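K.L.:
Structure in structure tokens, see below.
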């Protein structure tokens, strides 16, 4: 008979733990066959293990490289097109001119002709450089001089303009005499006022252009502009934005209440990434503000570049650059003279030493302008007479180069103006320039619209181009060959993501009116008002509608005060005194109907409010989100030419939105509940007395939304696992974990020979970058100070406290309770806090809620009354008025107050308890549901006569806190640092808990088993059933001694026996840990180009048309190895070149991979091997496993390096010691420190275990001796240092790459294994994904007969 079993999975982003569990919570062992050429034929293995792998990465790096390649290719193409236009005429003047230019990079012996690139002779070349020291001298000369000039010089000037053509951020015409600093400042103020509540800077109408374009320091500019706004503080938010705008570094930590610094500076290369990180914390709605600040900054920069006021020149940019050049020359002469006189001993360092940040380093290119200025300031600061230099440095106008970071602020129109001037002058002498003027200008002005994408011919994964013809695309025929409209449609389809819940529906733009309306109602539906009588209630449908029309349509940002004013006017009879449920910190709604306010400035209000126009408005916002290109916006808005005026279209063109929502129109306002025919938005607007929000509506079993979503998520073919997993929404890292877990399940089912009863899944949460939780704890003191002040207490004056100390919850609760016992009102003594109890308002018997909201400080838990319910009525009667004061001062939340006073409303009801059950059990994360769905569809394929699924395999999803609670309860401590077994143990405990819960509470099955079951309602069941388990935390049965059986009398849980089994499994020394072998992909080598030298190790930068010898041109080093190969072949030895058979490891780089795979034998012969036979080549990807003497294992890192391959196993008591050592810093839990103190002698035993392990497997004798000496010198005086040192010591024994660690504050350097010779005669172990199947190859036996 087939024995039933369950599979447990613990899925993470770089590991998957797995376990097979039988009915009595044991893990079976199987005798597994071993293939290969060793004496081992079978090994008994426990069906318990973990797969470790490098986590999946996003495609960002690949994308950045791809776009850079395209940019350079297109730039090169522009130059080739220009040469094509010039070629015929240039042939008459100098037919080898273009060849010489192309060869200018090459060393003399590699050139095809003369070594002087422009004129081909030294004399003319020298004269040219004297006349035109920079290209800008030539550009101005050609633009302003009416005489005929050598055609070669005309080409050089135009090629420079076309190569570095400026940015395209400004559309249409651009006046170089007026670059709009004032207008852009006004635009910035408008966005600023829109973004921040109660800001009206725009109204002050100040003139700033003169200040911002003046030659004064950045700080002076900021200060002068700030003075024009008398109400703005010098350390305020507006001042911080001014810092940014003038080009200084700003830090928004304080202004957005962030935990860490948030520095931003427009001139930094990392600006884009730093802004992205900031917006991830504060919200995308600030993106437009930073964009308008950046436009203003660029415009100020440009005014600093275009410094020439000479109206006569037709080349203002070139003239400004010449002025910069001349100033540089004069200032350099002055600086040299000054340093000779005042600092003669420093002269050589400044002007000759390239390694320093002086002038030599600056001109060489190693030192940037910022570092050079810093160096000079340090040198000149206290020297008399250096004021001139320091003043220019302060203005950032000293010894400036021609090519600097701020050249990025030059619009292409300025270059175009110079190009036209040059062509106009020279076309008189070269008519072909006039004939081809449009084509030449097009080379400068034409850009491939981003919505057309790459111009590939159907061979690229990244192209979506639609063509009208197969001809080659050039800047001049683009509109004839490319179907822009179809390409734009395809772009829309690629750009928009799919809904998380309805995977075949596209999401709405973030600024869609429908989406914004949804977010407003979703937030509003959970806001409660409080009346004078102390009654609290949700807003009804009528009030919500009135608030939406009267507040959200009137104010862009809705604050608590604005809503209160409205309610006082419109709902005076309700006597509303307070609101709860808003963002506590800022007292504002996070949601806004902002797009409505934007469109109100352009379109008629009646048009916006007319429901018939909803579709049109959604399409307009979609267009404004997808396209920045005004021409395309105009084209798409032509569909509404009968509704929109030309003026309105013009205004809409300038409006651009960014960002996407996460939900589709179909989900929000498409699918309807079967009975009521209402959509989700309809329910948010009017939900009777329930006032459910979005998450509650889609998870409510009484409505059909849940069923509709489940139906929409059914996947088709499940055989192609890669496709199935790639289609779900989630990061590459978590998808990689999911894919591996599905493969593991397949292998386990194959080994067991039949399907499991249950598959229990738990998924790790990814580290998402959210500041909310951390910000809350970081801001404890700030919030406390305000509330204590409101409460009218002196407690903070009497007992001052630092924010860091408030991380101790006991102390924090003391202040939140104003130093009094929460249940008696008596004073507590701050010096004896450790003797008081922390009590859970809702007992832990029902739910593990350790939040501040569920805990109070009391002199004794007895003070609460009954221990199995909320605090008693007597306590409530006595303390309610005190609690109310705490609530008014915001020292406690409404939720805490409601729970404290619950007894007067009958205490905990059955419904409450049903809710607790759900919160503990029901995994709400969508990604986990996706995994459950995939497993369900792979294993449960049969249906009954009613077409209902027959679920033979139950897919159980568990919340991760169930396992951690279970571990704590039975002291099954987890210390990740010891080894990787904890992944397997978590999977095992998941299976245990899932299996036991299913047995003990079959009626709870629908809550955590995937599928369409009738759901359980606590209050609808008969009272006896409800009582049976509802009066407890669902995990409590594990602790009780009574035996639990199922309806057939089978034992499900027998505490002593089963806990004993569990402990036994967790102490198994044999757990199958597999490090996934992976072929390396990506770049060929490190990216730095190294200078030429005699090294043979350099890789040439070019090999195709022309070979760039690394001895002449330098090259790359550190090629990335795709995989290694073990080869047995002959090599020639000694002078006689006698053949000798060798066994060797050869690294195959990513660059060589294709050559090797095409013909391995020829590849190795080129490397000097002879008599190579394919059967004597073994491919070894990274992390291949080798076994050596005494069970020592090594992983292959590369052909030249190994890593550690053994896992240390510790006895239970040492695991317990390390658990407490790891948590010793927790002030709230003194038991950890006590335990370590009592058992500190066990660290000696731990060191012995590590020492024995190290001698056998790690083999780092020097390090081991150093560790022992340090332990002897520091024998446990400082317990915290002792504890952290031994946690760090586990790095020494950990599997994988060796790493440096600290032991008693001294660095223990890593011991690298840089010889791979020892594995050539070891046993190679090929493992399957679970490690249960193995092929062992004794490399000693290879290569013989």
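Every residue gets a Cβ built from N, Cα and C, even glycine.
Take a look at what Swiss-Prot says about it:
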- 10: active site, for RuvC-like nuclease domain (ACT_SITE)
- 840: active site, proton acceptor for HNH nuclease domain (ACT_SITE)
- 10, 766, 983: Mg(2+) 2 binding site (BINDING)
- 10, 762, 766: Mg(2+) 1 binding site (BINDING)
- 770-921: domain 'HNH Cas9-type' (DOMAIN)
K.L.:
Which of the recorded positions 10, 762, 840 has its Cα nearest to the Cα of residue 983 (Mg(2+) 2 binding site)?
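P.N.:
Comparing Cα positions, the closest of these recorded positions turns out to be 10.
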K.L.:
Return the count of C-beta atoms lying within 10 angstroms of the C-beta of residue 983 (Mg(2+) 2 binding site), excluding that atom itself.
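P.N.:
Within a 10 Å radius of the Cβ of residue 983 (Mg(2+) 2 binding site) lie 27 other Cβ atoms.
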K.L.:
Using a 10 Å cut-off on CB atoms, tell me which of the recorded positions 10, 762 is the least crowded.
P.N.:
762
K.L.:
Could you give the Cα-Cα distance between residue 840 (active site, proton acceptor for HNH nuclease domain) and residue 762 (Mg(2+) 1 binding site), in whole Å?
P.N.:
27
K.L.:
Across all the protein chains here, work out how many other Cβ atoms are within 10 Å of the Cβ of residue 840 (active site, proton acceptor for HNH nuclease domain).
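P.N.:
Neighbour count, Cβ to Cβ under the 10 Å cut-off: 20.
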K.L.:
Once the DSSP letters are reduced so that anything not helix or strand counts as coil, what is residue 983 (Mg(2+) 2 binding site)?
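P.N.:
Where residue 983 (Mg(2+) 2 binding site) sits, the three-state DSSP reduction gives helix.
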K.L.:
Limited to the domain 'HNH Cas9-type' (770-921), I'd like the whole-number average of pLDDT.
P.N.:
82
K.L.:
How many whole Å apart are the CA atoms of the residue listed as 'active site, for RuvC-like nuclease domain' and residue 762 (Mg(2+) 1 binding site)?
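P.N.:
Cα to Cα, the residue listed as 'active site, for RuvC-like nuclease domain' and residue 762 (Mg(2+) 1 binding site) are separated by 5 Å.
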